[in-house]
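The next block holds one structure in the form of structure tokens; read it before the comments.
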Amino acid sequence: MPESSETATYSPTQLPEHLEELRREVREFVDAHVRPSVVDNDRATASEFDWKLVRAGHDRGLFRLVIPKEYGGAGYGVLGVAVALEEIAAACAGTALIFGATMLGQAPVLLSGDPQLQSRFLPMFSGDDPVLACNAVTEELAGCDLLIPENVVHATDVVTARRESDHYVLNGRKRFITNAEVADFGCVYANIEGAPGATGLTAFLVPLGTPGVERGPVADKMGYRACLGSELVFRDVRVPAENMVGGENNGMIISTQQMNMARATVAAISTGVARGAFELAKDWCGQRTQGGAPLYRHQFSARKLAEMTSKIDAARMLYLNAASVADNEVPAPAYEPASAKLFADRVAIDVAEEAMSLMGARGYLLDQGLEKFVRDSLGARIYEGTPEVLALAITEALYADEEDF
Amino acid sequence: MPVFSSSEQAQEVFRTLFEILLEDDVFLFRMTDSNLSLHLVQTKPDVEMFVSPDGVHDGPPPSRATIRIKMSCDTAHSLWKGELLMPMALGTGKVRIKGSVSKVMEFVPILQPAFDRYPEIIAARKIES
Ligand SMILES: Cc1cc2nc3c(=O)[nH]c(=O)nc-3n(C[C@H](O)[C@H](O)[C@H](O)COP(=O)(O)OP(=O)(O)OC[C@H]3O[C@@H](n4cnc5c(N)ncnc54)[C@H](O)[C@@H]3O)c2cc1C
């Protein structure tokens, strides 16, 4: 497989050959393993989590796209992950997030630049059995406060980390953590005991089999039901000091870089959701005749379809650019990924809603698939930065001083 | 007070450092094998050099380098002394890198000889920190 990305100008429909090849491979995976079970996985209970699908993704290397080749990965970088996630989300956003959340858990290991952590936590993704990861930030009393640097001081009751010789002891509870129920390890953000709010936020890689870690219960979500979001409880969990990423009190720095990598891929998921909804509406408007002509020949419907497809193209261009920038600048800049996500999340909601109106009553039926896109379209607006959080990141970048070294 | 008193002094120190790295077989092999080149831009005082498998050249590169690194000389000094960790320097924007991130990641583990030798380079020049 090819090396990760280069800076390039992308067409919304035609990618460079190595990414087209990846897109074809992922499409085959989606057709064979995701589409046939979309409805079942949407309605399944947590205990029916689709491990068969996960294994198929693992066998095709889709959980190690961002991992460098020297650690057994595919070396595609953020751009490859984003292209893959759009394809998966065009069928099922929840499935895409199983992959996306794993990449989020891998990101701090990559960002650590620490060969020792990398050789412990990356090769496991190329073993015989599938391995999932998760990223644990959110808590009951601290949501966006843990994503906005100026607001960490206001966070309350955050998971604590207390140093005890060569270990840290973690206590507390995380909520809404995608993959927590099924992951092998998580990147867990904890506040060094005694630091006000979450000003001592620190990232730890925690194997979830460590004594004192409890998983669950799984949240009963409106959308993204194929992936499991659950609580993670820490009761005197001893984590070796060498599992800390980036040093004490530097969690916000790691988390910000991680978000700047991830937001382009979430924008890709939203683009996929919009595309999935659009494809249903396009097919319907091609077949359905009213007033003596197919719906797409009526000017009002034509206008809707044209605007939907233009918005999807624009969202794709923004995420491709953001992912490419994230692969070619360290630290990954805040502006492009946040703006791509802000735009694509809105497009997903607008396109799904327009698709619903174009399909009439058929769109409203449970067995047509569209209502799932509508439900899923609202999810990405919450995780990895709400519109308000993204707006703050964007304006912060707009008004940032010139580089001063 | 900046660590380096003049551009000439800083340029000479960092040129020496990269010449040491190029004498390391692992570093040279990786640079050649992965087709890596480095454009180093440092400020306060200004330093600019281009590092390729052929050697260390003062000034800008003849063509675009695969990796461009920008930081202040004080930041470079703290990094090579091991006082500032690379992930933190990157995360706080004290060091900015342009170029394929995967190529940057290939670079990091092979810089050890420079960390090992930097203290003696500055000690020999009586540079206080
Ligand atoms: C599908 C899904 C998957 C998720 N996966 C994960 C995961 O893997 N790991 C994880 O840690 N979390 C995960 N989450 C949780 C998610 O990251 C949080 O829900 C999110 O950060 C918002 O926090 P909150 O829900 O507590 O909302 P709150 O922080 O309470 O915010 C509520 C509203 O207030 C607004 N608001 C808050 N602060 C400000 C402010 N300063 N200025 C203006 N407006 C503000 C918000 O924008 C939002 O509209 C997931 C959520 C979902 C829906």
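Just so you know, glycine gets a Cβ as well, placed from its N, Cα and C.
Mean pLDDT for the domain 'Acyl-CoA dehydrogenase/oxidase N-terminal' (A:17-124) in the predicted structure: 95. Annotation comment: TrEMBL describes A:17-124 as domain 'Acyl-CoA dehydrogenase/oxidase N-terminal'.
Summarised by DSSP class, the composition of the domain 'Acyl-CoA oxidase/dehydrogenase middle' (A:134-237) is 9 helix, 50 strand, 45 coil. Annotation comment: TrEMBL describes A:134-237 as domain 'Acyl-CoA oxidase/dehydrogenase middle'.
Annotation source TrEMBL lists domain 'Acyl-CoA dehydrogenase/oxidase C-terminal' at A:249-398.
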DSSP-derived helix, strand and coil totals, residue by residue, for the domain 'Acyl-CoA dehydrogenase/oxidase N-terminal' (A:17-124): 84 helix, 0 strand, 24 coil
